Amino acid sequence: MNQYDLIVVGSGPAGRRAAIQAAKLDRKVLVIEQGRRVGGVSVHTGTIPSKTLRETALNLSGWRERGFYGRSYRVKEEISAEDLRRRLLITLDHEVEVLEHQFARNRVQHLRGKASFLSTDTMEVLKDDGEAVQVKAKSILLAVGTRPFRPDYMPFDGKTVIDSDELLEIEKLPRSMVVIGAGVIGIEYATIFSALDTAVTVIDPKATMLDFIDKEIIEDFTYQLRDRNMKLLLGQKVEKVEHLPDGKVSVTIDTGRKIITDMVLFAAGRMGATDSLNLAAAGLDSDNRGRLKVNPETFETSVPGIYAAGDVIGFPSLASTSMEQGRIAARVAVGAIAKEPPKYFPYGIYAVPEISTCGLTEEEMKERGIPYECGIARFRETSRGHIMGLDHGMLKLIFSLKTRRLLGVHIIGENATELVHIGQAVLNLKGTVEYFVENTFNYPTLAEAYKIAGLDAWNRMGELPKGDAHHETVQLTDTNTSTTVETSVTSEKKKTSSR
Ligand SMILES: Cc1cc2nc3c(=O)[nH]c(=O)nc-3n(C[C@H](O)[C@H](O)[C@H](O)COP(=O)(O)OP(=O)(O)OC[C@H]3O[C@@H](n4cnc5c(N)ncnc54)[C@H](O)[C@@H]3O)c2cc1C
Ligand SMILES: NC(=O)c1ccc[n+]([C@@H]2O[C@H](COP(=O)([O-])OP(=O)(O)OC[C@H]3O[C@@H](n4cnc5c(N)ncnc54)[C@H](O)[C@@H]3O)[C@@H](O)[C@H]2O)c1
């Protein structure tokens, strides 16, 4: 039987980061993946396909140019499902190629097949040809991810009533679509199809959506969606979904309303893919959504030597955080030092328009009783916004009145998912409102919105009080250019020596 230092089950973001990290530490690593190609949900049905589809939809529809040329502007009049798929296949091929190359370079072994436990340190891998192989390891990492929740009452047929995996296979773009579930997946796809001129209705039993996002941003988002005729039926429950003889689908809601539509996308959450792992043989158990419980610092399960990371452990279920969890789990598993990641990570929702956030929302500031001030900038106030023809877009910064530190950054609009990292850096490096007021930003950029929002808050917060945290000006001489740069430091910090 082949023996390894680390067996990783699943080659999604958590699994691949873990495998490469352990291999870089000179450990013998095996990745078991049941899929035809490596990459996981992230590459084949989740992050990368949905973002590629979004990019294609925005490009072909001319969405980004409509601020100049009007709402009726189109780059391609008739956009087909084939148009969307073509770019998707090229992107996915590149992703898989890079990943396979990474595995090969780092001598990570890869076995294709379905893994299940025989004991706490031994797994059986069932290959496609029916052969069963046994493998053993000092540590095992479960990075098996999730699959769409598919309740029995939903008449899925893979064509007109579909889940988010099947969406990537559709043959024809629907003229109308009902999206059940206003979570991240539902909202991203609903807004992408709306940008393609599909008439979209979103239904969710909850009265609010995307509750982890700052309310002011959601209000702006909701306004924009309604403004382009998307129907948001929140706080309403779907009672029945039926196929009609003419190929359409009827959706009955608890209010008595009936919607006839071309397609229904069911996006009401996901289930941990743990049912075929024979968890009992390792002394493990999952919750009712198939998820595993771990120690949040080490990612070890209740069974020593067995770790879990990525979507299978639940919130936040992002490719970005899954990668970090996988890396930390692998380091712990092989006995290397592993530092906990910073508490605040960015969240990007690739809807149309984009939303991105990091840190505390205004609602959380109130709940925690932290006195605060907000600074707001609209993209239309920036010169880059004028150049790009942006009517919408907003950046909101939240500062503590006591420490003047940035505690939250919330963005809606073009490039939000990229722009958020400036705020993330300032926030995690414990920067204050002064950072935005005193630093120069490239011009013309959307990042200039940080300066505008910083000044907006600063004008209301007033000058930094003299005394405990007053500003001193120090001279830093740049030895390379022989120029002298004036900068400010707070007296709380030790003055760095002038070079
Ligand atoms: C539509 C959609 C859009 C998304 N968009 C984003 C986004 O924009 N940004 C973001 O950060 N996140 C996004 N996500 C979330 C992101 O895809 C996940 O967080 C990420 O894929 C989780 O990674 P993972 O490593 O936990 O597992 P996964 O990527 O789910 O991979 C798990 C792998 O394990 C394999 N596996 C399972 N069981 C076994 C077994 N018994 N034996 C062998 N192999 C097995 C599976 O075949 C799969 O390949 C999106 C998800 C979806 C569905
Ligand atoms: N951009 C991103 O980072 C991104 C994109 C897509 C997905 N994801 C991740 O994937 C995960 C799964 O996303 P999701 O949207 O499937 O789940 P979700 O849990 O975010 O949302 C599910 C939604 O469906 C509703 N719902 C639940 N049961 C229902 C039912 N029976 N009928 C109708 N509606 C119901 C819920 O009220 C909720 O609004 C998320 O946790 C997210 O982190 C991330």
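Yeah, the Cβs are placed from backbone N, Cα and C, and that goes for glycine too.
Going by TrEMBL, these are the annotated features:
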type     : residues                                                               : note
BINDING  : Lys51, Asp311                                                          : FAD binding site
BINDING  : Gly181, Ala182, Gly183, Val184, Ile185, Gly186, Ile187, Glu188, Gly269 : NAD(+) binding site
COMPBIAS : 481-490                                                                : compositional bias 'Low complexity'
DOMAIN   : 4-326                                                                  : domain 'FAD/NAD(P)-binding'
DOMAIN   : 346-451                                                                : domain 'Pyridine nucleotide-disulphide oxidoreductase dimerisation'
REGION   : 471-499                                                                : region 'Disordered'
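Within the set of binding-site residues Gly181, Gly183, Ile185, Gly269, Ile185 have a CB atom less than 6 Å from some atom of ligand 1. Between the alpha carbons (Cα) of Lys51 (FAD binding site) and Ile185 (NAD(+) binding site) lies a span of roughly 11 Å. Residue counts for the domain 'Pyridine nucleotide-disulphide oxidoreductase dimerisation' (346-451) by DSSP state, with H, G and I taken as helix and E and B as strand, are 38 helix, 31 strand, 37 coil. Cβ neighbour density within 10 Å is lowest for Gly269 among the binding-site residues Gly181, Gly269. Residues from the binding-site residues list (Lys51, Ile187, Asp311) with a C-beta closer than 6 Å to any atom of ligand 2: none. Each residue contributes its Cα atom, and for Ile187 (NAD(+) binding site) and Asp311 (FAD binding site) these two points are 19 Å apart. Cβ neighbour counts within 10 Å, taken over all protein chains shown, single out Ile187 as the most crowded of the binding-site residues Ile185, Ile187. Those residues noted as binding NAD(+) (Gly181, Ala182, Gly183, Val184, Ile185, Gly186, Ile187, Glu188, Gly269) have their most widely separated CA atoms at a distance of 13 Å.
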